[in-house]
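*Asks:* Got a structure for you, written out below as structure tokens; questions coming shortly.
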Amino acid sequence: MTQDKCPFKEQSSQPNFAGGGTSNKDWWPDRLKLNILRQHTAVSNPLDADFDYAAAFNSLDYEGLKKDLRALMTDSQDWWPADFGHYGGLFIRMAWHSAGTYRVFDGRGGAGQGQQRFAPLNSWPDNVSLDKARRLLWPIKQKYGNKISWADLLILTGNVALESMGFKTFGFAGGRPDTWEADEATYWGRETTWLGNDARYAKGFSGSDKRGSLIADEESHKTTHSRELETPLAAAHMGLIYVNPEGPDGNPDPVAAAHDIRDTFGRMAMNDEETVALIAGGHTFGKTHGAAPADNVGKEPEAAGLEAQGLGWANKHGSGKGPHTITSGLEVTWTKTPTQWNNNFLEYLFKFEWELTKSPAGAHQWVAKNADEIIPDAYDASKKHKPTMLTTDLSLRFDPAYEKIARRFLEHPDQFADAFARAWFKLTHRDMGPRARYLGPEVPSEVLIWQDPIPAVNHPLVDASDIAALKDEILASGVPPRSFISTAWAAASTFRGSDKRGGANGARIRLAPQRDWEVNNQPWLREALSALEAVQSRFNARGDSKKVSLADLIVLAGCAAVEKAAQDAGHPIKVPFVPGRMDASQEETDVQSFNHMEPFADGFRNFAKGPARPRAEHYLVDKAQLLNLSAPEMTVLVGGLRVLNTNYDGSTHGVFTSRPGALTNDFFVHLLDMNTAWKDVGNGELFEGSDRKTGGKKWTATRADLVFGSNAELRAIAEVYASNDGDMKFVKDFVAAWNKVMNLDRFDLKGKQTIPARL
């Protein structure tokens, strides 16, 4: 009897296994990315279903953890030695690069999910050697287990690093539950080579196949002073956090580099003062690494062999570590005290004149002219070096606006320290959302405008009888129910699960800039707000101490209108409502910051701005992902909002019903009706449905409507709601999804912190 051979060919590269082979994405690369609505669910989470991260964090020996982190800073390991005997610079970079991927346009990126552990971030060229930083932390993470998430630990370690080198931080807040899989929703750009930027800029670079090195370009590029970065990106190159430290596309021009710095830092919510503080403060510590050319550097973690165990960038130069380390290809130590907080960076920036040179790896950098060798070597106490700087460091001197700030910081170290402390806190907490999510003993008491503050509840809340009476009064106001539904949706759907901003709490729908957004139907909005303000005034004028906020009334009115719509459809149902929202003031609202949240498109309301944009159905899925919705939840909400007649402009596109305003499943029934034939009547954006026999016009629709009959997966869901037994299920599911959206920002109600479920 012969021995059976393994069906898998030895060392075969043929992916003839589950998940291998040519995929749907390969055949149809432009297909709708519904997979982003199936991420970060209980299926991928190894923790128990009832695990409460907030409770776990609050039981943490916080001071013991910080003590262990402080000890680690100077506990140099042979397998990855500490520069200058202190890991502070490495851990500051780790925390900075964890948080620094955040961008204002969609709130994605940032430190909130610990995504630096996963592809692509774990293998970005800008994150070389951070794999070692996280492994240095593993014994501490192992000790404290699930009481501290990786997401929180990466940031706290950066704080402790600063404190261990004499800097007083502004504070720290925990509250970042981990995710357990690589994020597929964030758009990082279209380039297919590391360090490329030829897709995000009209005239960019094609990139490089080198590892552990940036691009050096001798040529001058006129467009770098005025080029415009693709939205929503906030990095100048694929695989970089912000900008190329050698200068734009490797061109060592500090003035041109300032343009890229201002653009990218601005897209991360930083103004000029915060930008100068972060660069000067961060570069007070540590060094860069470029001991030899990039040819010595091996594959990144995602491409390295199994034996590397998740580490990457193996370096064959010398020992491959310590004095032989290659990270960026730059070899710069900014100050003579790289493990102490002081003003040396700014002092040297203005004290010396600088001349262009190259690192041992061939990267552009600058060296002080006619300067003494005052900079210590990271590993040899007998060696000294001349001061060195990056091109982007010199931008703080040669850009007029940056120079003014930098000189003020030089002359007023106290202002510099305060600005850096605040900017660092903002950098590392910008994507955490409201203060209600903050955990731990070091949460600063000062309320900051970028936290989108909302006053605390300071009065008794309405009870069940009050709610019933208020609903009756609202529905008797004479305002069409669709105005209340539209206003409630407009308020609540500003929420972004990415950075936890937006939502109905605060009633900012009545304030600038939201009240003026094109997507928010102005007549309907004014009509609804006017009626609700009158209801609020009458209720709050009563003799008792109970009060109702406008934010609560906006949501309550939407709920009441949905209940009426369900009743009119023959399916009475109670829509849940929990009071406790408060009203923010205009002074508590950063208009510029909220402007970034104005949608280019909102398929839930059939809104799309301008022709130069992705297709409406892709924006619809993007919006659904930001709302933490599943594909079924997105589907049922669109179908319900259409029959409720809530298109932003009052149009009838997608209103496939003879009973607009009633919460029926008519949208799905008529969309899937094979007696209707569809044709394009608006350049692929508008469609007309006609009777197949008579040719008579029946409906009009947008891409955000027809996708539910066109896309195979969405059609499968639509069929459930279009079936004869699907009408009541449709109403129940719509109410559940509606309630979810209305409460996405109610962190005050959520007794535990988890990744929001998509059901």
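Placed from the backbone N, Cα and C atoms, the Cβ positions cover glycine too.
The region 'Disordered' feature in Swiss-Prot is assigned to 1-24. Annotated site 'Transition state stabilizer' per Swiss-Prot: R93, in sequence order, evidence recorded as sequence analysis. The active site, proton acceptor feature in Swiss-Prot is assigned to H97. Under the heading heme b binding site, Swiss-Prot lists H283, citing sequence analysis as support.
Could you place these features in context, so I can see how deep they sit and what lies close by?
*Replies:* Packing around R93 (site 'Transition state stabilizer') is summarised by its Cβ count: 24 other Cβ atoms lie within 10 angstroms of its Cβ, all protein chains included.
Sequence-distant neighbours of H97 (active site, proton acceptor) (same chain, 6+ residues apart, CB-CB distance under 8 A): Q116, D126, N127, L130, I241.
All protein chains considered, the CB of H283 (heme b binding site) has 26 other CB atoms within 10 Å.
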*Asks:* Determine, to the nearest whole angstrom, how far the Cα atom of R93 (site 'Transition state stabilizer') is from the Cα atom of H283 (heme b binding site).
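*Replies:* Approximately 10 Å lies between the Cα of R93 (site 'Transition state stabilizer') and that of H283 (heme b binding site).
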